[in-house]
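A quick write-up on the structure given underneath.
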Amino acid sequence: MLGLGTITKKVFGTPNDRKVKSVRPLVAKINALEPEFQALDDAGLIAKTEEFKQRIAAGESLDDLLPEAFANAREGARRALGLRAFDTQLMGGIFLHQGNISEMKTGEGKTLVATLPAYLNALTGKGVHIVTVNDYLARRDAEWMGKVYAQLGMTCGVVVPFQQEDEKHAAYAADITYATNNELGFDYLRDNMKSELSQMSQRGHHYAIVDEVDSILIDEARTPLIISGPSQDKSDLYVTIDKVIPELVEEHYTIDEKTRGVSFTDEGNEFLEDRLHALGILPEEQSLYDPESTTIVHHINQGLRAHKLFNKDQQYIVRNGEVVLIDEFTGRMTPGRRLSEGLHQALEAKEGVEIKPENVTLASVTFQNYFRLYDKLGGMTGTAATEAEEFAEIYGLGVVEVPTNRPIQREDEHDQIYRTVQEKFDAIVKTIKEAHAKGQPILVGTTSIEKSEYLSQLLKKEDVPHNVLNARQHEQEAQIVADAGKLGAVTIATNMAGRGTDIQLGGNVEMRVLQALAETPEANPDEIRTRIEAEVAENKRKVLEAGGLFVLATERHESRRIDNQLRGRSGRQGDPGRSAFFLSLEDDLMRIFGSERLDKVLSSLGMKEGEAIVHPWVNKSLEKAQAKVEGRNFDIRKQLLKFDDVMNDQRKTIFSQRMEIMETDDVAEITRDMRHQVINDLVDEFIPPKSYADQWNVEGLYAAILEKVGADTDVIKWAEEEGVDDEIIRERLEKASDEFMAAKAAQFGVENMRRIEKQLLLQTIDQKWREHLLTLEHLRSVVGFRGYAQRDPLNEYKTEGFQLFESMLDSLRVDVTDKLGKIRPLTEEEQQAMMRQIAAQQAAAQAANEAARQPQPAMAGAGAEAEEGTPAEGFVESDPTTWGNPGRNDRCPCGSGKKFKHCHGRYT
């Protein structure tokens, strides 16, 4: 019997159906234009691009231009790649242009879809960013789709880590730029730490298309991008505390797996106090409850979390003596990403590797706030519908499910639930053997490296050939995925989200052709391609007969979306396929979210060992549990965003102020206003408003002006004059300070003084912002306790955060005024002394290098030393103008072999 909702949808259609229907006339227009654009020669396509640009400049809207631009882009792709966009791909492109998320199933050609709205929006000349989840995909898509843009007379660039600055500038200057979400965010932060406009890479945030948008804007939403610098080394403390943690017993602590939190019981606190007193970490008279113990308690908590909540080969792996985190959503290693607040150091102590110092935040931004900078945003994914509410509420993005080009023929089976993990794995191995025997390729999804390797051992015992794809094998990722659709292939993989390479039934022709040419370079490429295409076609026929790709998941993820992504690997482009989930009551999701009740029910049903329960009701109850988790995670992200918005508003204010300063050649007016404000504050402090002259502290005002402004004034004499009030003194002090700074500018030269003011202003802003970020972090960590006093932590954070921001601006004015008042040109003697110091240090460095070149016994793990060379042509040590303009990380022109920043760069 159909429910009322189902009947209503059948009669009136769903909102999604209506959206799809609304763009069909546009698709018809594009199709009608196809013959006209096919008739153009290659130069004609480029001429159309120029024509479109002129029409936009004349005021025509992108929406009006869409049918022609899409028709031109479709024809460009057909000629460049031999790929013609289907009607469903045109729909996906239209929804992206309108600022929606296009939900398109695996194999529907999302990479090609992005070229359509990217081309249209790039016609404005403002640049378009296409965002991918990893560097491999950014490079691949830029190279592949770059041919389409070139066919249309557009430029395409790619941004990757460790790129030369000139390459990065060129990539961002291109019409369409491919980049990862991480690199875009970090470049935004780096740009806002630069001191010259010409050094900045990004040229604004006009339009972005985010591939795997759910992964980036939902899964990664809480991940802050942080540029940091080293702080005080506390490695001994981490090591000592790490030795104490294994001594704890279960009665000493509690763990909440749902919130991933830990806390100590009273027994645990007593035990720790005794141990820490004995180790000398906690002074005898000091308790763990004392305010002075906050840091130690924090370290102990992080040590416990490292041991009890973070498992090796699940949340992280140890590689080359480093703890490398694993992305729980994609199964990839994330080198360079570190846990904050000492947790990463606690993991390093646990694993006995080198403990790197904690870092101080220099600049940070979350993906939520970075991507909200764009004027327009679009996204693509195979699975977004389950998170539609979050996309709409946080980012203002609608989700549209785009119909597949061909109907999906995949058979999604009901979950099979076993009582124990061992029973589940026995059933999985049996199912894999059956599928392998009939030649059906099978993709087995696991949630951790540990489980993927355990299953691999079971299959080895049964002599089943297979491949394993997890964070350890990420270098062979493309090859393993390309082989996963071969006849009888068995592939065990951790999460497949964002893998980027489609699993093609029968094998991947392009990958096999490349392999064959690498093995026999002298062979005829055309003959090899013809032979391989025939072999793959025959294999595909056999695979289809065997039932297509079988996706077998060994566990449910917290998010339905991740499960759907794994399922979506099968049944691409109308191919047959099959998917099934094998679960046990001991799985994390089942255990944490109430498997005890289900276990009792199954026991009462008389379930025998090795038997599975399969029923749609079980599926529904599991999906409800997942929906609860998703809802809770959404609430957490929403609350965190409210807190982050406080910092984000301040960040935007500071960054826009920096930009204004960089765009201004002469900042004298800004520094003068700061100086006058400092003087006003000092006058108010020492000559209170509406006070009598005998209440004035004129001597204090004189000393404060001399110290903080640098000007030696006659304020004591002025105060003795008849009829003088605080306003007259204020005006005279401002005038005296202006004359003082004008005389200083004459000493330096006006141009030099302007440059000094600008650099000093930017440096001080950066320093104050860093200090402010640290203060906000501390406030954020304690403000939650205000809830116990019936005060709203968010409102408290907003109020105090604003007060701290105002205080930072006051401090900024005082510091800039103070520094400008104290600077002076070096005397000739001081310049000579500085040059002598440089020469002495240079001689010492050269002597050290000479000693280093003598034969030395080999040392295990010794790093490569810097290469020494001869000084650059024209280099004169005492004349910095002959040093050229090396970058901070370039070799020093003196020939020492050191980086410039560690050599002569220290004196510039």
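Using N, Cα and C of the backbone, Cβ positions are placed for all residues, glycine too.
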Per Swiss-Prot, Q89, G107, E108, G109, K110, T111 bind ATP; matching candidate in D463, D483, D502, D526: D502
Three-class DSSP secondary structure - K110 (ATP binding site): helix
Maximal Cα-Cα distance (Å) across residues annotated as binding ATP, namely Q89, G107, E108, G109, K110, T111, D502: 17
Site with most surrounding Cβ atoms, counting all protein chains shown within 10 Å, from the binding-site residues Q89, T111: Q89
Cβ-centroid neighbourhood (8 Å) of the ATP site, Q89, G107, E108, G109, K110, T111, D502 excluded: M104, T106, L112, V113
Alpha-carbon spacing, C892 (Zn(2+) binding site) to K110 (ATP binding site), which is rounded to whole Å: 47
K110 (ATP binding site): tally of other CB atoms within 10 A of its CB: 22
Neighbour tally for D502 (ATP binding site), based on other Cβ positions within 10 Å of its Cβ: 19
When distances run from the Cα of C894 (Zn(2+) binding site) to each of the binding-site residues Q89, K110, T111, the nearest one: T111
